[in-house]
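Listed in TrEMBL for this protein:
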- B:5-208: domain 'ABC-2 type transporter transmembrane' (DOMAIN)
- B:21-42: transmembrane segment (TRANSMEM)
- B:48-68: transmembrane segment (TRANSMEM)
- B:100-122: transmembrane segment (TRANSMEM)
- B:134-159: transmembrane segment (TRANSMEM)
- B:171-190: transmembrane segment (TRANSMEM)
- B:220-239: transmembrane segment (TRANSMEM)
Amino acid sequence: MRNTARVLRYAFASAMADLRATYTWKSWGLAWLLRMLFQVTLFAFVGKLIGDPRVVEYLVIGNSVFIIADVVMLVCASTSWERMSGTLPLLVASPAAPFTVFTGRSVQWLLDGLACSTISLLVLPQFLGVQLPLGTRLAVVPLIAVIAVSVYFFGLVLGGLALRAMAARNLIGRVGSIGLMLLTGVQVPVSFWPSPLESLAQLLPLTHGLGAVRAALGNGSASDVLRGIALEIVVGIGWALVAAFTYWRLVESGRRDGTIEFGG
Amino acid sequence: MIGLFLAAMRFQAQVVRREPDYLMSLVTIPLLTVAFLAIMGNAGRADLAPYAVMGAALMTIWATALFVSGELIDADRWEGTLEGVLAAPAPYQVAYLGRIATVTMISFLGLVESALIAWLVFGVTFPVPHAGLLVLTLACTAFSMVGTASIMAPLFVLARSARIFQNSLSYPFYLLGGTVVPVVLLPEWLRPVSNAIFLSWASDLLRDCLRAEEPVAAPARLGVIVGLGVLGFGIGHLLTRAVFKRVRENGSVGFA
């Protein structure tokens, strides 16, 4: 247990080094954050084009929360960087479980996404004519953090797939992200889709958490919020187990057929 | 000169064929047609479908320019071929324009994809009452896209955080370029910015081509699209020359 914590701590340090190498405060604030805010604004203006303030509100909330999923899904790309840097064989040879390393290795996106999503939810509604009490908006930040972790494990599963298909690594991440955007109630309620897709949405991260955020920001009861976030946690644990299995399989099959280094 | 342009076009087509990652925007962004149509359908505004299809298509065209054309010079630098390009007697700017032209032409498949997705997923089709003008507008849009992309390619060589800025020029331009939502709906103070972007003129005119009414002042609007494209070519030319002069002088042609 102590060793696992130590591995996670080093993986976290590596993630933060990645974050510092990727952004300066200026490039993050003036470029990346701004781009994310424009993403939410674009969809909010689709609501304005439709001409219904309720649609605008739905889209502002959905897309502000979705930002965190969009950023966190970068875990798919950063996981595959390990194979590109040639460090995967070393990870497999080390006594630590690769899943532990990969779990800590991309947490920079959790912080990045949480910051973008929170700022979007705090800043954009008043610019876009959406009335949401500031206190409630602040209160949903912990719910968004739970969503982030749940999406993170989903992204880790896709990252495991990307490690097997390196040429498609970016595509896997993007399609995964757009899939979440379409199915989990970001743009339209999940009930909009045919029932097989609606059922699939129940198993995806974001669906229940976003429902909880909407309940908290709207007129939902406390039990709606708690039920939504509890389901999000359950879904997140499910994806964490799938992720652990994915990385165990990756290592086992890679050892057997010699694709640890050249399997991409 | 024309031979070089065509050879560069052929070369880029081969590069794209061998590196499917270049086509990622063509795979992912048309999927946003589903998102836009779902929002509109759920709100009972299926009549806005042309906005969704044309919007996703224009977003694909812009994103492909940004992520593929914008990277051409930098990619050459990374692969160590930029020295050869600069040392060759052929004018490098013609070669790059040829390559950008291929990327731009391929990106227009986004329009076909968006229309197909709308039809296959939602059964949405719509008439094109001004087909001739639509084709002409698409041609002018392609011309201006090549001109604008010729600014991006040298710009991303200059910027230290090129990747971040590259990523960041997507959604701001989708919004300010009126791809899905007409710029007339944007706040008044943003309109001068939008008017300076060829995409806003192109998207407005393309949407008008899908309406029954005769588009107003079409020749003048086409003139603005082409004019902004010519301006793009001019800025791109000067910027490319300045960037290459700089990397030659400081010895960083092959040092990315």
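The backbone N, Cα and C atoms fix where each Cβ goes, and this holds for glycine too.
With a cut-off of 8 Å on Cβ pairs spaced 6 or more residues apart, the transmembrane segment (B:171-190) and the transmembrane segment (B:100-122) reach fewer than 3 such pairs and are scored as not touching.
Simply put, out of B:21-42, B:48-68, B:134-159, B:220-239, B:48-68 has the most Cβ pairs sitting under 8 Å from the transmembrane segment (B:100-122).
With a cut-off of 8 Å between Cβ atoms, the residues of this chain six or more beyond the transmembrane segment (B:134-159) that come close are 58, 61-62, 65-66, 69-74, 77, 96-97, 100-101, 103-105, 107-108, 111, 128, 165-166, 169, 198-199, 202, 205-206, 209-210, 222, 225-226, 228-233, 235-237, 239-240, 242-244, 246-247.
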